[in-house]
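Heads up: the structure comes next, in structure tokens.
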Amino acid sequence: MAEAGTGFLEQLKSCIVWSWTYLWTVWFFIVLFLVYILRVPLKINDNLSTVSMFLNTLTPKFYVALTGTSSLISGLILIFEWWYFRKYGTSFIEQVSVSHLRPLLGGVDNNSSNNSNSSNGDSDSNRQSVSECKVWRNPLNLFRGAEYNRYTWVTGREPLTYYDMNLSAQDHQTFFTCDSDHLRPADAIMQKAWRERNPQARISAAHEALEINEIRSRVEVPLIASSTIWEIKLLPKCATAYILLAEEEATTIAEAEKLFKQALKAGDGCYRRSQQLQHHGSQYEAQHRRDTNVLVYIKRRLAMCARRLGRTREAVKMMRDLMKEFPLLSMFNIHENLLEALLELQAYADVQAVLAKYDDISLPKSATICYTAALLKARAVSDKFSPEAASRRGLSTAEMNAVEAIHRAVEFNPHVPKYLLEMKSLILPPEHILKRGDSEAIAYAFFHLAHWKRVEGALNLLHCTWEGTFRMIPYPLEKGHLFYPYPICTETADRELLPSFHEVSVYPKKELPFFILFTAGLCSFTAMLALLTHQFPELMGVFAKAMIDIFCSAEFRDWNCESIFMRVEDELEIPPAPQSQHFQN
């Protein structure tokens, strides 16, 4: 019985909604008919006469006051709408209309019927949004001592934010520490050093860790009863201490490379020892995992030092060997370093081979992957591309592929073209980036702008085609074309990652809703009319009468501004202006 009653109520509700949706004209005529039938009991004629008499007794000052009051209310609404839009990025009235009024009018029936089916899709989109708003370590990050600090010494500006450096400290604690560090004095010191906020305190702690390893431990071994022999044993070097000094104390890339080579000797020895003991327990396994991260980090930074010092082929070889030795450590994104080095060598065939492996639908994308693929496609046609010729004959297959690759890259990260086309100034890239955000665009363009300039016509092709992407995705926050909708969180995260002197690029740009613009125009227009009517009541009355005559005339289609002013002059009986006299000598 209960189920039957519930079904009947649902059917009744659906019938009512259907009637209001499709039969509103019938309801309207029914209401008019009832009003006509009840016109005598309701005294409609008397009430209309009373209202007409009241309106006839009103003075112009009442209408001026009414107009001023409406202008004031419209201004208050405008101010509130502008404040709400600046704070939340949407119109308050639009949000209320969509969220509360639309369900009452039956605009969400389809969604309610598919509620159970859409729950899984919502959860998937939420997970995707969270993954896209994740902050990643910049695979091409600079050296603090040799590059970031030198920029600070020259300009007096801090290129790194506290939030960015705090994320780096968390990464160092994750990669370079383990639970057994307290058993070794040097590692215990370094565990505290990674938590230090003061750079000088971190450097001092690294030196202290190295000094502890210089102390020799003596082990007394009795060989003869009458004498003893002292066996001298050196403690292993602390690789993480060398890493910290190379990153923060070295003022040149050459000095950093020397320190990383010392770190490689120490880290390689620790890695070999822990590799033999990794199966003896969870503690040894964690230590081996830490030593693996240390060794991979050192080799990657050594390859980057070689790339900075101009030994690009050596850097490519080191990166390839590292990727073969540790193929599962994709967290460091070494393939992006390899792509940049191969582009410097102009080894485009090797670049294409790397892209074929990593530009896969199952792997996370990046600006380096998408824009490098677009660069290779553009390289095939950019030297002969001409917008005029393309508009006459149309795009060829190769040109169409290049344009589609550019559109794909721009959809993934729409901030990059402004930096590649030098429409915005570059800054030093941060140590962490947000994929599809302004921080990733800066990190990519900082290293890859030279590669785009080297390919003849590539920037011209990008300049002619990149804005066409936005016509394909008019609502990027709601629906994408080749990727998921653009995440909303990029602006907030980029403001935390990028320094304050940089103007963060925002996509899509927040435009004022039409309701706010309409309210502003209506408010200004009514306020102006009220002011003119109060100051010049006779002139405004004549002007209004002339406007009514023009709108009601049969020749309204031929009206213009001159006819309006002629009618106003006729009403006011303004004499014509005297004609100028010409004198002859």
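Placement of Cβ uses the backbone N, Cα and C atoms for every residue, glycine included.
Just one residue in ASN47, ASN166 has N-linked glycosylation site written against it in Swiss-Prot, and it is ASN47. ASN47 (N-linked glycosylation site) sits 75 Å from SER386 (phosphoserine), counting Cα to Cα. Minimal Cβ crowding within 10 Å, among the recorded positions ASN47, SER386, is found at ASN47. Under the three-state DSSP scheme, ASN47 (N-linked glycosylation site) falls in the helix class.
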